[in-house]
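Read through the structure below, which is laid out as structure tokens, and then see the notes.
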Amino acid sequence: MAGGGTTLEYTPTWVVALVCSVIVSISFAVERGLHRAGKHFDKNDQKQLSGALQKVKEELMLLGFISLLLSVSQSRIAKICISKELSEKLLPCKKPKEDKSLNDNSHFQLSFTGRHLLAGDSAAGDYCSQKGKAPLMSISALHELHIFIFVLAIAHIIFCLLTILFGTMKIMQWRKWEDKVLEKDYNADEVIQKKYTAVREHDFIRGRFLGVGKADACFGWVHSFMKQFLASVNESDYITMRLGFVTTHCKTNPKFNFHKYLIRALNSDFKKVVGISWYLWVFVVLFLLLNIAAWHVYFWLAFLPLILLLAVGMKLEHIITDLAHEVAEKHIAVEGDLVVRPSDDLFWFKSPRLVLFLIHFILFQNSFELAFIFFIFAQYGFDSCIMGQVKFIIPRLVIGVLVQLLCSYSTLPLYALVAQMGSSFKGAIFTDQAQQQIAGWAKSAKMAKKKGSTHAGSSHGGSPNPIATPSPKSIQLQSLLVKGSSQQSHLSEKKPEIVEEK
């Protein structure tokens, strides 16, 4: 095999065995680690984290398939020939005109001297050069693309794990506020006794209500923008929004543990954030396409996650301000505690889920930016033409770190709280065991309905079935009623399943 290095035929067996054992040992250690993590989550009834781990396994399996596909097809791809003029268009780096021998290299081969080509590059180049053409992509460029895809996926998973870890740590600091509320005694006499609250004197209103008028409205957005950097959520914000959620969705359970619900809801959302959806891979392809010499596209793209993150944080803060304005503009005093009204109208396009999509995109784009910098630095060095000048590199690194920190400590915890101010609640309001019981009941009801319809159809005009078959809407309604009755029964037994420590 000329120029391709030593084959397995002439490689010492101890070298083959040693390399194989190391690779298998590392792979087996990673697999066992993921398996033990899954068993730990299942043992502690943490279904959301178990689902997130399953998502990570799916991403790793996708990486394995991509790796296999590239390995099997790289020789065939390298023998796809294109015209030399076409191979020199949209290059990430300008080729030296005086070096004619470089025309056969791929546009992804970013350094043209002193690089080690993988076995088969010379043969593929000769195959196309005999036809007066250039290979579509060299084997070495395919190998580098292979490494980059792997680095990108691993970086996204790691950065998502760090984000959810730091965000959870921030939310755990709110537990003392939840404990403070749960320590209060709710007896019948206190509930019946009339109590009035001066709206403008409430801590939540004083911190969020800025007045009425266009000038105050503009200042409200500025205030919301600045608020996300310092003390994005304080005690009055948390307690007031907690009361609004409980009053709207858990009125029969005033001691509902809202803090545990936030943790479960955040873990559930994490399953969606940690994955790389198909549209994110489309963005990867688009970004690679725009990586053209002298355009500095990646420098400008570095600002995209930062701008989106600041816009999302400002919007979430402004939703809290809107809740305060809605109460302050309508009431001078209210009977009982000050209660805000959750609504989907507060969110962009009346969709709280859109905020999660934007956070997902921000985390992926930031992971892409940092992964690309690390990959280029490790593969080609700091002086690579694709890396650009220092004035372009330093801001990209600073922006990437800033986005990661701001999203972890401010935006993600803020989203976890404000996202509950929509018109509906999430399934995480119930424990995993309760969700499984309700899902099982709904499944049984649908099967009973199907059997009832079959018996009615086989009666051939006989008397109708005396047992009425519930419609799908009534099944959903009964499911909600079962949820409510379950809450009340557990509350009366002083063992509320919703707030049970897991």
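In case you wondered, yes, glycine gets a Cβ from its N, Cα and C as well.
Bear in mind that TrEMBL entries carry predicted annotations, made automatically and left uncurated.
Taken verbatim from TrEMBL:
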type     : residues : note
COMPBIAS : 454-463  : compositional bias 'Low complexity'
COMPBIAS : 491-502  : compositional bias 'Basic and acidic residues'
REGION   : 449-472  : region 'Disordered'
REGION   : 483-502  : region 'Disordered'
TRANSMEM : 12-30    : transmembrane segment
TRANSMEM : 145-166  : transmembrane segment
TRANSMEM : 273-292  : transmembrane segment
TRANSMEM : 298-316  : transmembrane segment
TRANSMEM : 354-377  : transmembrane segment
TRANSMEM : 397-418  : transmembrane segment
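Within its own chain, the transmembrane segment (298-316) is flanked in space by residues 221, 224-225, 228, 232, 287, 291, 347-348, 355, 358-359, 361-363, 365-366, 369, 372, 388, 392, 395-396, 399-400, 402-403, 406-407, 410-411, 414-415, 418, which lie at least six positions past its ends and keep a Cβ under 8 Å from the stretch. Same-chain neighbours of the transmembrane segment (354-377): 110, 147-148, 151-152, 155-156, 159-160, 163, 269, 272-273, 276-277, 280, 283-284, 287, 298, 301-302, 304-305, 308-309, 312, 315-316, 347-348, 384, 386-387, 393, 396-397, 399-400, 403-404, 407, 411-412, 415, 418-419, counting only residues six or more beyond its ends whose CB sits under 8 Å from a CB of the stretch. Beyond the transmembrane segment (273-292), the same-chain residues lying 6 or more positions past its ends with a Cβ under 8 Å from any Cβ of the stretch are 52, 55-56, 58-59, 62, 90-92, 152-153, 156-157, 160-161, 163-164, 298, 301, 356, 359-361, 363-365, 368, 386.
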